[in-house]
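Database features (TrEMBL):
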BINDING   Gln91, Lys107, Glu128, Ala225, Ala226, Phe227, Leu228, Glu299, Asp314  ATP binding site
BINDING   Glu128, Asp314  Mn(2+) binding site
DOMAIN    189-406  domain 'FAM20 C-terminal'
ACT_SITE  Asp294  active site
Amino acid sequence: ADGDLLFNVNSDIRFNPRAAEQPEWQNEDHHEEFLPTGETSIDSYPNWLKFHIGINRYELYSRHNPAIEALLQDLVSQKITSVAMKSGGTQLKLIMTFQNYGQALFKPMKQTREQETPPDFFYFSDYERHNAEIAAFHLDRQVEWICIRRKGEISILDFRRVPPVAGRLVNMTREIRDVTRDKKLWRTFFISPANNICFYGECSYYCSTEHALCGKPDQIEGSLAAFLPDLSLAKRKTWRNPWRRSYHKRKKAEWEVDPDYCEEVKQTPPYDSGTRILDIMDMTVFDFLMGNMDRHHYETFEKFGNETFIIHLDNGRGFGKYSHDELSILVPLNQCCRIRKSTYLRLQLLAKEEYKLSLLMKESLLKDKIAPILYQPHLEAMDRRLRIVLKAVSDCIEKDGYDNVVENDFNTDATTVTTER
């Protein structure tokens, strides 16, 4: 229905490709902005705009949207015309604007694939990894799957709640230093004793000469995440995650000490009705498979109210440890004992040898330009964690009964059956 679409394609809205975080860009000279009206064919829109107008109440993009693959290609091939630091971040991130006015958030490489998070690091002081952002996008979507017996598409988690992300090898001189008008960023460039080009930018921490990002000699890889629509066009609501960690070195959060905490959550809007509690369970599974402990807030599109999906943003602290499974991430599932039937069936499928999660992820990630994305032990850890999730659901079913745990989210009306997921 029209109310389920984020934008009406036939409206007179001008889609401003500038970032809301960079108000100074509003005064720049630029060509006429793309106007999504009925006067112009959608086929003529740039891929980033096709992505935006495809967003609806239930997903960021449809499973077979051809604009997504095209957008991923744009992220790795479009000419970069402007670069600025993202304000307010704890670690350095860059906003890149492309020739077609699309924008993406660039997270540069800070660790090699095989490096684990040091055991004495708190989750809130861990590095944000570019390859984790890429892997999270692939975990969230579908992959073209090829084997000896068949060829076709199979979804992985199939949530489609992570904006498109692709890896790119960037020339720090030509594609960052020479095009930026951010003087603060430009001043942090220097040549290292090894004769490599380096920069460190400005942020809350990990932005200093001791943590500089250096190329070889000026090539650096990173992830590029496509921007969501400008906040002036599509407002988003930020919610505090009920299972947010304390972010204190000594204090524990309420959910860590109260085993009945979920009962309190379920009596609080928006968790007392609708699908939000099930969305939290999906996000919990998603984060546990990645080992992501840093989910303090989440966002939804304001237009859709409470009946909409959770956008899975900022996944850079995932895939930090392959030798450890952080069971505290699963606490929401263990306390609430609720899960969507579609999610449960998907997890059971990915546990089968023929559709093994690690193999599907490996094949999907090979399509990225800076593959391999994940160190093999991280892939194997996902299979191990999947078994832990299924055991947790099984324990819930044994305790509370299948119908009280597994929520049937399939439409059983024969005239409108929708079992695509």
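Every residue gets a Cβ built from N, Cα and C, even glycine.
Caution: TrEMBL annotation is automatic and unverified by curators.
Sequence-distant neighbours of Leu228 (ATP binding site) (same chain, six or more apart, CB under 8 Å from its CB) are His52, Ile55, Pro163, Ala234, Arg236, Ile311, listed in sequence order. Burial estimate for the recorded positions (Asp294, Asp314): highest at Asp314, by number of other CB atoms within 10 Å.
Most Cβ neighbours within 10 Å among the binding-site residues Gln91, Ala226: this distinction goes to Ala226. Close to Asp294 (active site), meaning Cα to Cα within 10 A, are the following binding-site residues out of Gln91, Ala226, Asp314: Asp314. With a cut-off of 8 Å between CB atoms and residues at least 6 apart in sequence, the same chain places Gln91, Lys93, Lys107, Lys110, Asp314, Gly316, Arg317 near Glu128 (ATP binding site), listed in sequence order. In this record, ATP is bound by Gln91, Lys107, Glu128, Ala225, Ala226, Phe227, Leu228, Glu299, Asp314; the longest C-alpha to C-alpha distance in that set is 20 Å.
Mean pLDDT of the predicted structure over the domain 'FAM20 C-terminal' (189-406): 95.
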